[in-house]
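Data first, discussion second: the structure below is written as structure tokens.
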Amino acid sequence: MGRKLDPTKKEKRGPGRKARKQKGAETELVRFLPAAGDENSKRLSSRARKRAAKRRAGSVDVPKPNKSPGIKTLPGELSKGAVQARGKKRPAPIQNSDGDEEEDSGEDDVVTQGDLWGSEDSDEDMVDDYGAASNSEDEEEKLLPIERAALKQKAQDATAGVLWNEEDTDEDEDDDGVSPESHPRKDDKAEGDLQINVEDEEAFVLPPAGETDQDGQAPDLQRVHKRIQDIVGVLRDFGAQREEGRSRAEYLSRLQKDLATYYSYGDFLLSKLMELFPLSELIEFLEANEVPRPITLRTNTLKTRRRDLAQLLINRGVNLDPLGKWSKSGLVVYDSSVPIGATPEYLAGHYMLQGASSMLPVMALAPQEHERILDMCCAPGGKTSYIAQLMKNTGVILANDANADRLKSVVGNLHRLGVTNTIISHYDGRQFPKVVGGFDRVLLDAPCSGTGVISKDPAVKTNKDEKDIQRCAHLQKELLLSAIDSVNAASKTGGYLVYCTCSITVEENEWVVDYALKKRNVRLVPTGLDFGQEGFTRFQARRFHPTLRSTRRFYPHTHNMDGFFIAKFKKFSNSIPQPHAGNSAAATPTEPDLKDQVTPKSENGSQPTKKARGAVKAKQQLLRQPHSKKPFQKLNGIAKGPGLSTEPSVPDAQVSTRPSQSAGNADVNSKRKRSEKLKQRGPKWKPSKEAAVPKPSAPSRVEDSGTPVPTPSEIRAAPRPKDCAPSLGKAKKKQKGKQQLAQQPANGAAPLKEDAVSKGPSAPFVSPHSSTRPPPAKRRKSMTKGNSQPLLS
């Protein structure tokens, strides 16, 4: 920019007033080279002497530089880009005094960086520091007193040969200049390190049983870590490396104390982990809990695609990769130059910060479109939004949580992510079947002890005990049974339940699942996840259902995600099995248990007798026999047909189950006479309640009159006693005789008075032991009071 300078019109100027004229190399180098008889000459090596001789020879015949007159570089000033030389010294050329007073054109005054490295005059323009000590008087006047003293000290050191020069740099190349006592301190330090290494490599010796650690002193973590490695090595080959007289329990006890000290765990949780993992895997698990898990994102496919989201975040300075082949929407973040939870994409709802293990339960649930799904413990809403994402905002999702404060985060996340098919509720999950049920699928992320997320919450290491584990397990059992009751087994597309926890203890996982298999009509099905370790079917003294192999466990040291447990159930019946199978309504329809079926008891609480069982069996046989064209009706325990006379059903059944055969033909004749008299009476009477059912306080001669008539369903389910087999033939014969007598027309049967019913030898209730015995007096009185009404008008 600006006007171009015309070099022809530039005035020529000579050297400055303070410019120092540099003398030849023969005078400049003499000051630094020692004299021939000087003692300091012995300090120079052979190579240094050769280089000094070359300088002396070169300083005698120095060719005159081919340089334009008038150019002179001021000492103490360097052109832009030039570096003052510290290595090899080059003798300055002898300058002509006549040329010092002449000056070249303006273009020659400018020295570029390319001229310094590529031009032939670069050595001539370079300023050396050989004459730094011989400053002019004007320069010394500008220096401070302390600077003058420093210059004098430097000059004295130069004369003594201590000044830095290139000969000092060549001492490492010479073998003659190294003294044997050059590095005494380094040798001592190396010897000390070697001694420490020798001490560390000593064999591990288990301390005596009664000896304890020194109180009041902080443990040396390096020694503790070394001892842990030694104990693990001994336990791997215990038979060969153990000390004589020491048991495995002593080594394990010492290892537990060292692990608790080194990793800051409580004794209870560490003992649980030692029961769960082998020793080598235990160390890996403890080390993995000291490192945080990688940050993972879940793409919200309701608003964007994973490819587009990844490109936007990469442009913002986020280093990320796809989460894995098992996930189509996950991204893992390695590092970021922007806060990953405050980007415009996050605020717009394009992604959700969610752990990798939290995506697995929703993938195992596999929700379908247009379904009714329940998320029983939904806060903070990550799994709920993922379910809505897979359902494409169709169907209905009921998101429930017992903590009202945590529901605020659920509302915020669902609004931000654009979820529109979710209803939020605040109920206790244990009472949820009373609120609403009939869901196609249910997801239960039960509250747990959090032993799988120690990297997020290190306080779990010390603040958990046996009571906390048992309390969580009891709550999980209640929630799981409630969730199973909320599932509809008759769903065409569903009937599934996924149970998951962020804990790795057996008490909160396999134990709870095995309990649910015994209490409800469910079975375990595969989760559909291609990776993960199988659940335990046996753990120490416990034995679980073999189908627990289909459950999945995830650990931080093997899968690089939070510890998790996932189980998937399929409900095949909405009924609830009971421990006592007496209730027919609660019995399982698929597998009815008839062996434990109990016959109904009598009203007075006594056990049913053989005769009562025979009566039930006879009634069952009567129901199976083909009846006549005219149907029979049952009213108040009396089977009647229109225009026909009948007798009470229970006494007939009792008569048919007589164990003896002494009556013979006499019983048949008495029956015929009795039936003929009943035909002549006309309208039938209805016995009162007092006559039908005797009071418990007044014992009746009719022993089985108080036995209630069982229902048809109970009759079908009742077992057949073996002792009633011979009496069934008699019952069939007598029943046929009754039907033949009943089919005879009743001509001229005049109705009698009600009082006449109690009189006469043929009473409606007959004792099973004697067919001619009259009824008791109390029953006769109750029947004559006029309470009974005729059955036929």
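Cβ atoms are placed via backbone N, Cα and C, with glycine included.
What Swiss-Prot records for this protein:
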type	residues	note
ACT_SITE	CYS502	active site, nucleophile
COMPBIAS	98-110	compositional bias 'Acidic residues'
COMPBIAS	118-128	compositional bias 'Acidic residues'
COMPBIAS	165-178	compositional bias 'Acidic residues'
CROSSLNK	LYS72	SUMO2 cross-link
CROSSLNK	LYS257	SUMO2 cross-link
CROSSLNK	LYS601	SUMO2 cross-link
MOD_RES	ARG86	citrulline
MOD_RES	ARG148	citrulline
MOD_RES	LYS634	N6-acetyllysine
REGION	1-355	region 'N-terminal domain'
REGION	1-194	region 'Disordered'
REGION	356-579	region 'Catalytic domain'
REGION	576-793	region 'Disordered'
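Using a 10 Å radius centred on the Cβ of CYS502 (active site, nucleophile) and all shown protein chains, the other Cβ atoms total 23. Reduced to three states, the DSSP call for the residue listed as 'active site, nucleophile' is coil. Counting neighbouring Cβ atoms within 10 Å of each of the recorded positions (ARG148, LYS257), the lowest count belongs to ARG148. Counting only the Cα atoms, the space from ARG148 (citrulline) to LYS257 (SUMO2 cross-link) is about 69 angstrom. Separation of the C-alpha atoms of LYS257 (SUMO2 cross-link) and the residue listed as 'active site, nucleophile': 26 Å, rounded to the nearest whole number.
On the 0 to 100 pLDDT scale, the region 'N-terminal domain' (1-355) averages 70 in the predicted structure.
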